[in-house]
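Per TrEMBL, the features are as follows:
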DOMAIN    11-142  domain 'EamA'
TRANSMEM  12-30  transmembrane segment
TRANSMEM  42-60  transmembrane segment
TRANSMEM  72-92  transmembrane segment
TRANSMEM  98-119  transmembrane segment
TRANSMEM  126-146  transmembrane segment
DOMAIN    164-293  domain 'EamA'
TRANSMEM  166-184  transmembrane segment
TRANSMEM  196-214  transmembrane segment
TRANSMEM  226-243  transmembrane segment
TRANSMEM  255-274  transmembrane segment
TRANSMEM  280-298  transmembrane segment
Amino acid sequence: EKGNCSACPGLGLFYTVLSAFLFSVASLFLKKIEDVHSVEVSAFRCVFQMAFVLPGLIYYKTGFLGPKGKRIFLFFRGFLGSSAMILLYYAFQVMPLADATVITFSSPVFTSLLAWIFLKEKYSIWDLLFTLFAITGVVLIARPPFLFGSNVTGIEGSYTDHLKGTIAAITSTVSGASTFVILRKVGKSVHYFLSIWYYAVIGLIGCVIALFVMNEWRLPYCGKDRVLLILIGLLGLGGQIFLTKALQIEKAGPVAIMKTMDVVFAFILQILFLNHLPTWWTVGGALCVVASSSGTAIRKWRQSLKKAKQNEI
């Protein structure tokens, strides 16, 4: 696989930017859908993923459950991955696009923290510094009243919604980080399609149960919402595929740095289409979080280069 990729060195990074763009447009559409609950949107996205992955599973003959010892990991990966998606969609619906996107970017920090706890990976003073940076960024975005006084500017709707959105986004980020740790634990032994399959099936079941409990299940009335739902499904899928492709042909470090384009796209789309200028708090928070996630990525990248050098000797 590696041989033919050296021909065009920037391909992985191009895929990453493309994926970031698709994800941002999907989240923009998500904000444009008025009457569909975020959980229902997640359910649609799961159906799309299932429909797409099914032929792959049959083609690669991986079976539907995966290897016996790994099923529990796959289950948790599916459960955490799908809750991350539902929470994130909720956050997108109740808070500004840029704010929600920036918070999800603190995930590398949580990943290194969780990897240190569960996988016994090294956690250095640098990691601590980046973690503090990321937390600062998130606080600037959440703008809690006990730090900022009671008149909070630049949020959509009420502050309680903003806070709920922030909590949802943070929980989503932590869940997302734990799925990364689980994927590292499972490693290459499980086909990539299988983990998406679990994520989609468990997500769908979870969404349906949640919708019944909340009694929110209804087909979107107007045609526009239906089109947007289908587009969100397709864009989300495209984003997933390109991101995976990128990670297959490019080192994780540079990909993680390029992925911060997500934040840039979110700002641009929010200003262009939602007529909602991001506040300076959000910009400051974004800079902190992007600095921390890029920093983490650059460090990881340099470590892997060092390791490669040592292996050559």
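Heads up, the Cβ atoms here are built off N, Cα and C, so glycines get one too.
Remember, TrEMBL labels are computer predictions, not curated facts.
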Per the Cβ filter (under 8 Å) with a sequence gap of at least 6 from its ends, the transmembrane segment (166-184) is approached by 73, 76-77, 80-81, 83-88, 90-91, 94-95, 99-100, 103-104, 106-108, 110-111, 113-115, 118-119, 138, 141-142, 195
Reduced to three DSSP states, the domain 'EamA' (11-142) has 110 helix, 0 strand, 22 coil
Please spell out the DSSP helix, strand and coil residue counts for the domain 'EamA' (164-293). 111 helix, 0 strand, 19 coil
Same-chain residue ranges lying at least 6 outside the transmembrane segment (72-92) that approach it to Cβ under 8 Å: 27, 30-31, 38-39, 41-42, 45-46, 66, 100, 103-104, 164-166, 168-169, 171-173, 175-176, 178-179, 182-183, 185-186, 190, 194-195, 198-204, 206-207, 210
Go through the chain and flag residues at least 6 beyond the ends of the transmembrane segment (126-146) whose CB is under 8 A from any CB in it; none is fine as an answer. 99, 102-103, 105-106, 108-109, 112-113, 116, 152, 155, 159, 162-163, 166, 170, 281-282, 284-293, 295-296, 299
